[in-house]
Structures are given as structure tokens and as C-alpha cells.
């Protein structure tokens, strides 16, 4: 027990020494702030890159996020906010933290944060966007200008965006899932209108979607029209997706019935073609497929293949000869010729 007690006392003594050393190291640069104006920047960068004296890295991305057109403004804002909040610089960007002219040290820290956030923003933007705001000194002004440029905060544009939202119509024969996906992509328009202080609520969006399907899905429209409570956006989307699934199943059943009827017609036509025997007629007939039936049997009268006795010219000639003699004898007897 005594050994443990002495050991704890030794640890506490060592902690006290380290604490005094750390305290002197932290207080040393504060005594000569005026002589070394960049010391606060070094201290801020040290806090940004290290969490404590054990040199733990700040969580999150090590580099400022990049803006790209595929990700859009919302993704860029979310990444930049996360990156700068971990470094206690986001309030400078949105303007909630400003310069303090009455406190020189606090004002110096603000300038350092502004410089760091400004550098992160310029390095993250595309060149065509960065060159528009690079001459501004405050990062809050740069961010406001960039946000306005991406969201188009003007009245004329809000009218155009509203026309796109309210003008969406579903046409019969189109894919409902594809139509709803396109409507979900219109959330970017809703965000733009929200930035213009023209908010489109979920209830308004549900009414817009129902208006677009009034001519093709009247059952859904009447279902929500009976209820006094306004339907939610989720209810409308789920109902339309359910109707789309039922329409798809009905279409598949109709296709199966049509295929069955076509098969029956084909079988019936094949039976009719089999019932018409081509060798029963004098002339060669065509069957399905446009092919002629050629006779391969031999004529029993002339022994020549390719025809039957009924079509044999030699047999017909022999049959006509006696008839001509009988007619001649009858004519001679009638004329008195012996």
C-alpha cells in the first residue's frame, strides 16, 4: 500500500511539472503579441492541426473540400461547413463572428480565422468561380457572393422556377417511377426558392404532384379529395407508386392475353393449311410460306413422274380418239353413207 501511495505521489509530481511546462509554453507567446503579430496565427494553425499536446489529428478531412458541378452547391456547403467547424472557422464564413476592434488580440484571432477560411474556400472552388470573388477581403462576402451566384437569388428566376414546378405534368403511357424521380430532382429548385425566401413546403409539393396527375390518376386524386386533412408528401408518393405497380401488373397481364390470342390464331391457320391437300387439285397450290407443292409420284398410264393420270396428256388424247370415231360414224349414217 505504501508503495502505491508513493507511486501516485510521484506521478502527481510529474504531472505538475509537465503542466507548468505546458502552461509556460502556452503563455510565452502571449507576452510578446505586439512584437510577433504572426504568433497567434501559428498558435491557431497548431490548434487546427493538433487536438492536444499528444499531437492527435483533427477528425475529418485533412484538405479543404472541392466543389464540382456534379455534386452541386448543397454538397459543397455541407463538406465545407464540416471542415471549417472542426477548425472553429465556420462562424466567420456565415457572418455570425466578426472583427472586434476593441480587443486587439481577439481581432487578430478573427483575422487569422478569416484568412484560413478564405484560403480554404478559394482552393476548393473552380477557377471560373474563384476568380469572381478572389478580390474580396472578407470570407463572409465571398461566401455570400458565391451562394447567390449558385442559387440565383432574383425575382425573375424565382418565377421561372415556380413555373417549372407547377408546370410538371404526367402523360399517359410514361413511366411513373421515372416521373417521380424527376420530381425528386426538382428539390434543387425548392432549395433555390428557399434561398430566395420563397419556401415550397412539403404540403405545397404534394398539391403540385396531385395536380400533375389529375388527368391520368383521378382515383388517387379523388381519394385525397374526400379527406378534409391535406395529404402529406410521403402519402402522395407512396400512393402513386402503388398505382404504378398495379398498372404495370395489369399491362403484363394484357400482354400475356394478347400473346395467347396470337398463338391461337397461328395454330388455327396452320390447321387450315394442313386441311387443304394440294394434290387434290389440278393446279399446284401454295401453302403457308409461299412454297409450291411438286408432285413426285409416277403416272400409271405413261409411267412419267411429275403428274397423275387425271392430268396425263397422253391418257386424255387416247380418251378423245374413240369419241371422235363414234361421232363421225353417226354423221355418216345420218347422211346415208355406208
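Heads up, the Cβ atoms here are built off N, Cα and C, so glycines get one too.
Caution: TrEMBL annotation is automatic and unverified by curators.
Proximity of distant same-chain residues to the coiled coil (176-206), defined by a Cβ-Cβ separation under 8 Å and at least 6 residues beyond the stretch ends, is recorded for 72-74, 147, 151-155, 157-158, 161-162, 164-165, 168, 170, 212, 230-233, 235-237, 240-241, 243-244, 247. Summarising the annotation, TrEMBL assigns coiled coil to 176-206.
For 21-30 (among others), the entry in TrEMBL reads compositional bias 'Basic and acidic residues'.
Taken from TrEMBL, the feature compositional bias 'Basic and acidic residues' covers 244-266 (among others). Per-class residue totals from DSSP over the compositional bias 'Basic and acidic residues' (244-266), listed helix then strand then coil: 23 helix, 0 strand, 0 coil.
Residues or ranges marked as compositional bias 'Basic residues' by TrEMBL: 267-289.
The compositional bias 'Basic and acidic residues' annotation in TrEMBL covers 315-327 (among others).
Sequence annotations record features per position, and here TrEMBL assigns compositional bias 'Acidic residues' to 328-338.
As annotated by TrEMBL, region 'Disordered' applies to 1-36 (among others).
Under the heading region 'Disordered', TrEMBL lists 244-289 (among others).
The region 'Disordered' annotation in TrEMBL covers 313-338 (among others).
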Next item on the list: Calculate the per-residue pLDDT averaged over the coiled coil (176-206) and state the result as an integer.
Entry: 75
